[in-house]
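Student: According to TrEMBL, the feature transmembrane segment maps to B:21-46, B:66-88, B:100-117, B:123-144, B:153-172, B:208-226, B:256-276, B:282-299, B:306-323, B:335-354.
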């Protein structure tokens with residue numbers, strides 16, 4: 001561990017915005033829009049500060065959003081984006097600072113006030129009633145606006161056509177896909193007269209094709225004069241859709257950027273405050289020793305109506321020592337069941353699971369863990385942690401039968417505590433102590449604790465399901481690096497991820513899962529995210545190979561985004577002590593910036 | 001970074017702990033206060049002087065014989081609370097301790113009456129019988145839950161009703177009760193052998209149950225098993241999050257069955273202090289509702305031995321002193337049931353509020369401490 | 001963890017500490033000046049009721065009437081308390097002890113549930129006179145007097161009345177709790193019914209089984225049981241179930257299908273009880289158990305200095321049990337009842353005390 005940034009590093013501790021295109025004074029100058037200087041800003045936040053007891057969530061935030069633009073608000077998880085948007089949407093009141101909408105200073109005491117001012121918010125988690133139709137969902141709570149009958153329907157169709165939302169008013173929401181539901185949410189907000197739209201991480205739940213469609217909608221909205229505030233931490237998405245970008249770090253605005261001029265890498269550095277590591281694969285560590293073999297796995301279980309449904313069918317795969325096998329797929333296509341089947345949490349209808357030559361088909365979860373399977377679950381709150389238990393008890397979870405947690409049948413809390421301290425230190429878990437509950441840590445630190453715990457038992461196979469989901473960039477890099485380090489030591493990894501860049505960057509081989517079957521495979525070196533996305537929707541199968549130009553294009557974006565070209569063969573990040581140092585310093589700097 | 005924070009952690013740990021103690025005391029104290037206020041209102045509305053009522057209870061409660069009676073009662077309540085808490089700690093709601101202890105006591109009394117061994121064999125035999133029967137009866141609900149997914153709450157409630165009938169079926173002359181002639185209107189099992197008498201501690205206030213010591217041992221064992229064994233960790237993990245426990249390798253089904261049986265076996269002991277010390281037979285006047293009192297006491301005591309001990313003493317005090325209310329003044333003793341009821345309701349609500357507040361508070365604290373740490377680090381950096 | 005274990009140990013041993021403290025405190029019985037014995041001019045009578053207490057319209061109320069009578073005509077002081085649901089013998093002992101401590105003598109325990117408590121307290125207080133209603137035991141000390149009744153004889157008469165009034169040839173019996181005592185009611189009733197017409201069917205239902213005594217104090221249970229019998233075309237229902245009986249009477253009186261159904265009350269003359277008098281047109285009679293007479297007789301015997309001792313049984317001959325005639329519904333079958341009565345008092349009919357097995 002190199003805990004401090006080395007003095008010879010060329011930038012100053014990335015304190016503020018040397019790398020920002022425009023310094024922290026919000027600049028109205030934005031290419032191609034001459035009227036910008038004169039028209040009142042759609043949203044103008046000045047000196048917004050919000051303190052929670054003991055914590056400053058927002059500190060002196062300044063944000064100017066011009067009307068009729070898509071304005072991206074970027075920042076790591078926990079940077080304070082959500083708090084800021086809650087303030088703008090009237091869910092919380094700022095302790096200091098002013099809000100001006102269309103040049104008029106306002107004070108919101110509830111979301112109702114914000115809605116009255118034409119502000120609407122689409123939450124990350126949709127708030128729709130499944131058993132009602134689209135029409136009913138839209139009208140629900142807004143009955144006074146256009147009634148509940150023909151007038152409402154006409155209005156909905158009008159909005160839908162106007163913005164190209166393409167919704168079917170009589171469809172049941174439970175029959176809709178994620179993207180369509182999102183459009184209903186947007187429509188719901190527009191129906192209530194919103195002219196300023198806040199979208200909280202709208203792309204997190206979408207596949208690439210759907211993201212493109214959403215961006216199309218956003219452009220339509222913009223064309224009609226609607227202002228969109230777009231919250232995201234996905235760099236290339238922001239660059240492709242936004243007209244202006246503001247970056248928040250550690251609760252304060254660190255700068256604005258012009259998407260025409262800034263690179264993904266520069267943006268990322270603004271967010272984290274230092275250089276970024278990359279997820280690129282280096283020289284292959286794949287060996288010929290087979291570690292995990294899954295053969296002809298099949299799981300059928302009755303659904304709510306009692307009809308037998310096949311959730312996994314004829315799944316066969318092998319992972320060798322030092323290999324990362326990535327599974328791509330739209331959520332709900334059997335990934336979760338595959339993981340649970342290998343972990344022994346779901347009974348198999350047919351098939352075998354063999355780890356390092358040992359047949360584990362009938363083994364219980366505990367013996368599988370003891371046999372050397374490490375598990376980073378998809379939903380860490382549900383499956384990975386005891387949220388209300390202290391950290392050291394969480395360190396025991398899943399390894400209660402193993403050293404140092406127990407001696408025989410007796411628990412050894414002293415040794416577990418000591419080892420937790422070690423994990424906290426080695427894996428850089430930001431916590432004031434090991435007696436605090438897991439719930440009080442941020443998502444990234446929770447995940448680092450889980451990774452540290454699983455890695456501490458020297459697993460032979462690591463099942464990593466969305467290991468960096470909801471994790472900030474700094475922690476993300478650390479987790480990637482830890483997986484790679486272990487891979488070099490011969491760890492086999494089953495990686496399940498919705499982040500196709502992560503999959504392509506980390507995996508040695510990729511399989512695509514669709515409706516419970518492995519329908520396609522690909523070499524991450526010769527496939528683009530777009531082609532993977534196509535296979536994920538079931539439109540392609542077999543061996544995927546993207547054409548040269550698309551690949552080159554993707555590589556260029558990736559280069560820009562992750563600086564892969566800076567590190568041919570891992571040069572810049574180093575090969576021996578790879579990215580521990582940058583990761584660490586990145587995080588440290590981020591904190592120093594507070 | 002870590003080395004420098006270590007001493008700070010210790011200090012902080014202490015602080016958090018004290019706050020935790022304060023928080024966990026706040027809920028029950030608040031609940032007791034509210035219940036006193038409510039019952040005072042009830043008394044006042046019905047035209048009686050609440051202060052006199054509490055005075056009667058307080059005066060009697062401070063007498064030595066009342067204290068011994070309170071402790072004896074609390075012993076039983078404590079065992080009942082522990083039995084329930086064992087299941088509660090893993091979110092397994094064994095509402096069936098009522099039926100489990102009745103059956104356990106009936107069989108124990110029968111066995112104790114049928115055999116006559118030296119004390120060191122007789123007493124363990126009686127206790128084991130009670131635990132075995134209680135555990136077996138509870139295992140029915142456990143098996144139903146594991147195999148058929150029947151909610152243990154429903155199953156145990158039903159089993160309570162069935163247990164009552166089973167007792168009625170067995171406790172008739174010629175089966176578990178000896179055929180008696182004459183004028184006696186009560187039926188009961190044969191008196192147990194004298195060797196089954198459990199020792200008592202003679203105090204100025206009367207005979208104190210030797211079972212107090214058994215209860216203490218049980219409490220300590222409960223704490224040790226839960227906090228210092230692998231089994232206990234699995235149990236608590238399952239209670240905190242069944243999904244996480246299963247993913248961590250806990251065999252949840254086996255856990256359910258085991259805990260149900262252990263809870264039932266402990267429940268079997270509920271009737272033992274009375275049976276082995278005072279009644280010596282299971283009859284029509286054998287005390288009921290002890291299982292339900294255990295649920296209340298476990299809730300109030302937050303499923304920890306210390307909490308349950310305090311809650312048991314409180315409940316026992318109320319029950320013991322209630323008897324005096326109609327004798328020493330014109331007070332309905334039911335007012336105590338009103339108090340007990342309000343305490344339980346208030347405490348359940350208060351605990352949830354306190355829990356949420358505590359979690360939020362800790363999250364904020366952690367945030368603040370991390371920010372402070374970062375600030376300190378930054379300062380150091382500047383200095384360097 | 002270790003900390004909490006220690007804490008547990010400390011607190012639990014602390015509770016033992018309270019025990020030793022308890023040994024130092026004064027007993028609640030120490031600070032009373034009154035000692036046992038009818039020293040003063042007025043007798044102090046303590047009464048401990050069974051579950052339900054005063055106001056159960058039945059058994060306890062009957063005892064209370066005896067006490068009230070003693071209060072007015074003998075000028076005794078009284079203090080009363082009733083049992084709680086689900087209390088232990090220790091609670092009963094505490095109740096009796098408190099009465100003794102406060103100088104009450106005699107102390108009357110209403111109901112056999114007090115048997116072991118009375119025995120224990122009586123042994124500890126040999127100078128205090130105790131009476132227990134409905135129970136007797138070989139082991140009770142000489143300062144305990146048992147007041148028992150020949151319920152089967154009264155129930156026999158109730159059976160005769162029921163058999164004479166039934167139209168469907170089907171009658172019902174509801175017992176509060178399936179105890180030996182209540183079985184005496186059932187046995188007498190069955191025998192009485194059969195003495196009139198052996199073909200009449202007797203439906204029997206007990207509300208609870210011991211040790212669950214809620215059957216004596218749950219009118220809702222009584223009501224639903226009676227309703228079940230009415231639906232089954234039983235048209236005379238005899239309920240021996242303490243205060244649960246009021247529910248059964250209500251069910252009979254308000255039944256819409258059979259407006260001519262009859263209820264037979266128990267213990268007190270239930271047709272003249274204020275709470276039940278509105279149903280008096282449907283209460284055929286009540287098998288009155290003259291607990292009041294027994295209580296009064298006992299108190300009077302102490303007052304006059306010739307206390308009753310041992311087991312004192314009140315039978316039909318002595319007027320311990322009888323049928324109530326309020327409303328005159330049984331006037332038409334008086335001859336039949338008188339004949340049965342004389343057969344019993346003469347010994348010609350021996351009423352069984354237990355129902356046929358099975």
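Even glycines carry a Cβ here, placed using N, Cα and C.
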Student: Name the range, of those listed as B:21-46, B:66-88, B:208-226, B:306-323, that has the largest tally of Cβ pairs under 8 Å with the transmembrane segment (B:282-299).
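Tutor: Top-ranked stretch among B:21-46, B:66-88, B:208-226, B:306-323: B:66-88.
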Student: Report, as numbers and ranges, every residue of the chain located at least six residues beyond the transmembrane segment (B:306-323) whose Cβ falls under 8 Å of a Cβ in that stretch; write 'none' if there are none.
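Tutor: Distal contacts: 24, 28, 32, 56-58, 60-61, 66, 69-75, 77-78, 81-82, 85, 219, 293, 296-298, 300, 333, 335-336, 339-340, 343.
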Student: Where among B:66-88, B:100-117, B:123-144, B:208-226, B:335-354 do we find the most Cβ pairs under 8 Å to the transmembrane segment (B:256-276)?
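Tutor: If we count Cβ pairs closer than 8 Å to the transmembrane segment (B:256-276), B:123-144 scores highest.
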Student: Which range out of B:21-46, B:123-144, B:208-226 gives the transmembrane segment (B:66-88) the most CB pairs under 8 Å?
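Tutor: Comparing B:21-46, B:123-144, B:208-226 against the transmembrane segment (B:66-88), the winner is B:208-226.
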Student: Going along the chain, which residues at least six beyond the ends of the transmembrane segment (B:21-46) come within the CB cut-off of under 8 Å?
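Tutor: Sequence-remote neighbours of the transmembrane segment (B:21-46) are 53-54, 300, 302, 307, 310-311, 314, 331, 335, 338-344, 346-347, 350-351, 353-354, 357-358.
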Student: List, by number or range, the same-chain residues at least 6 past the transmembrane segment (B:100-117) whose CB is under 8 A from its CB atoms?
Tutor: 80, 83, 94, 125-127, 129-135, 137-138, 163-164, 166-167, 170-171, 176, 189-193, 195-196, 264, 267-272, 275-276, 280-282, 286, 288, 290-291
Student: What residues elsewhere in the chain lie close to the transmembrane segment (B:208-226), defined as a C-beta under 8 angstroms and at least 6 residues from its ends?
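Tutor: Sequence-distant neighbours of the transmembrane segment (B:208-226): 68, 71-72, 75-76, 78-79, 82, 85-86, 89, 198-202, 232, 235-236, 266, 269, 272-273, 276-277, 304-306, 308-309.
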